[in-house]
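Per TrEMBL, the features are as follows:
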| type | residues | note |
| --- | --- | --- |
| DOMAIN | 30-464 | domain 'Amino acid transporter transmembrane' |
| TRANSMEM | 34-55 | transmembrane segment |
| TRANSMEM | 62-84 | transmembrane segment |
| TRANSMEM | 122-143 | transmembrane segment |
| TRANSMEM | 164-181 | transmembrane segment |
| TRANSMEM | 187-209 | transmembrane segment |
| TRANSMEM | 280-300 | transmembrane segment |
| TRANSMEM | 320-347 | transmembrane segment |
| TRANSMEM | 382-399 | transmembrane segment |
| TRANSMEM | 405-423 | transmembrane segment |
| TRANSMEM | 444-465 | transmembrane segment |
Amino acid sequence: MTQKNSMYIDTPEAFIDGGKNFDDDGRDKRTGTWVTASAHIITAVIGSGVLSLAWAIAQMGWVAGPAVLLAFSLITYFTSTLLADSYRSPDPVHGKRNYTYSEVVRSVLGGRKFQLCGLAQYINLIGVTIGYTITASISMVAVKRSNCYHKHGHEAKCYISNNPFMIIFACIQVVLSQIPNFHKLSWLSIVAAVMSFAYSAIGLGLSIAKVVGGGPAVRTSLTGVQVGVDVTGTEKVWRMFQAIGDIAFAYAYSNVLIEIQDTLKSSPPENQIMKRASMIGILTTTMFYMLCGCLGYAAFGNDAPGNFLTGFGFYEPFWLIDFANVCIAVHLIGAYQVFCQPIFGFVESKSKEKWSDSKFVNGEHAINVPLCGTLYVNFFRVVWRTSYVAVTSLIAMMFPFFNDFLGLIGSLSFWPLTVYFPIEMYIKQSKMQRFSFTWTWLKILSWACLVVSIISAAGSIQGLAHDLKKYQPFKAQQ
């Protein structure tokens, strides 16, 4: 019998018919296709980032806003194709599998770069799960406030705390986190992807209705918010930097690309399927981003809110806005799992290596659950995953920011994870000659993206500093 690991359960029945239930690495047969991979990508990409795109385009205007959005989509797709070829190494089709992003970097680049990659990746993953907790609770609070205004009138003081809804979100994640195999979550990603389409479509419909329905005129311009009218010159610069970070966050999924690719069947080759899934996923999300960002800006003008859906107010049709916010919450329930599963797998694999004789860490206990069949429970997995969800939820309660927090995550992760490591691994694997034409323009692209990440991080940090001046922990929203 092959050795067990933290993510897969071996059973004697799996060896029937010559081990056809196992892949070439001895793990359970992978069943993912381009459909499930595309769903995972859409789930990972279209998240809370879409809610801030109207605000981001408002800061840059009709010219720079869509141009920056398109540039990020092209860069993300290009580097994702480079990363997909690194799932197996040294050969992209027949080489040894690498199960995580950090394993890919260790296999190809090794040394200090592997350590830096692991640090960047897991900080980003933790930040995303905190950000999703904040955003899901905001959507739940929006539903509660909408019903409060509908019942008591628009002048009512419907101040509601995010904390109870963060606790509800955390309880749901504790249950879902006990699913041991990432590929078993395909159904959750498909449901979450449907939710993302739903709330994006509702936002688009409300934007169109607001644009064509008349009402007070809104101000838009080629350059966005106007200096001296909407903001000062300094605020304009900081806001543009922060907007770049928000767009970078909206496209962040490279840090889970390898884990998604590891769910795919080995025939056709995983890299080919992953490239197809990346194209479908990024084309789909870019279409939605362009529509949500541009139509949102057309609807709200230079006064576009930080959260796309809350800008329509808590008025009629209140039930439609409620439904959109519920869709956001459901979507983020799935997206949270997509991003936290790599963290779970890393800690559990290291723990099994260090305490290989521990029954607490390694023991799997079969439990028969009516209507669900046999479930395998590992006590260490239960304690560790529950603790992680609890800690990230507590941090979210302490710092419930939105735009600035997401912008900072996007700016810090974009260059190292989306651009630098995929390019460096491609150069290394292809044995590219230094100072050749391709080597030169790849390096230029990498350095240009580094500059973009630095300035967007600066804008987000400035925004966080501004928020902290008036922040009171655990106070109900107004």
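Note that Cβ sites are derived from N, Cα and C of the backbone, with glycine treated the same way.
On a predicted model such as this, the values are computed, not experimentally measured, just so you know.
Across the candidate stretches 164-181, 187-209, 320-347, 405-423, the maximum count of CB pairs under 8 A to the transmembrane segment (122-143) is reached by 320-347. Within its own chain, the transmembrane segment (34-55) has Cβ neighbours under 8 Å at 69, 131-132, 134-135, 186, 189-190, 192-193, 196, 200, 203, 243, 246-247, 249-253, 256-257, 260-261, 263-264, 273-274, 276-278, 280-282, 284-285, 288-289, 292-293, 295-297, 299-300, 304-309, 311, 328, 331-332, 334-335, 338-339, 402-403, 406-407, 410, counting only residues six or more beyond its boundaries. Here the transmembrane segment (62-84) has Cβ contacts under 8 Å with residues 53, 56, 92, 101, 104, 220-224, 240, 243-244, 247-248, 250-251, 253-254, 257-258, 261, 270-271, 274-275, 278-279, 282, 285-286, 289-290, 293-294, 297, 418-419, 421-423, 425-426, 445, 449 of the same chain, all six or more residues outside its ends.
Between the transmembrane segment (164-181) and the stretches 280-300, 320-347, 405-423, 444-465, the greatest number of Cβ pairs separated by less than 8 Å involves 320-347.
Against the transmembrane segment (444-465), stretch 405-423 shows more Cβ pairs under 8 Å than any other of 187-209, 280-300, 405-423.
By the count of Cβ pairs under 8 Å, the stretch nearest in packing to the transmembrane segment (320-347) among 280-300, 382-399, 405-423 is 382-399.
For the transmembrane segment (382-399), same-chain residues at least 6 beyond its ends with a Cβ under 8 Å from one of its own Cβ atoms are 126, 129-130, 133-134, 137, 162-163, 166-167, 169-170, 173-174, 177-178, 340, 343-344, 347-348, 351, 405, 473-474.
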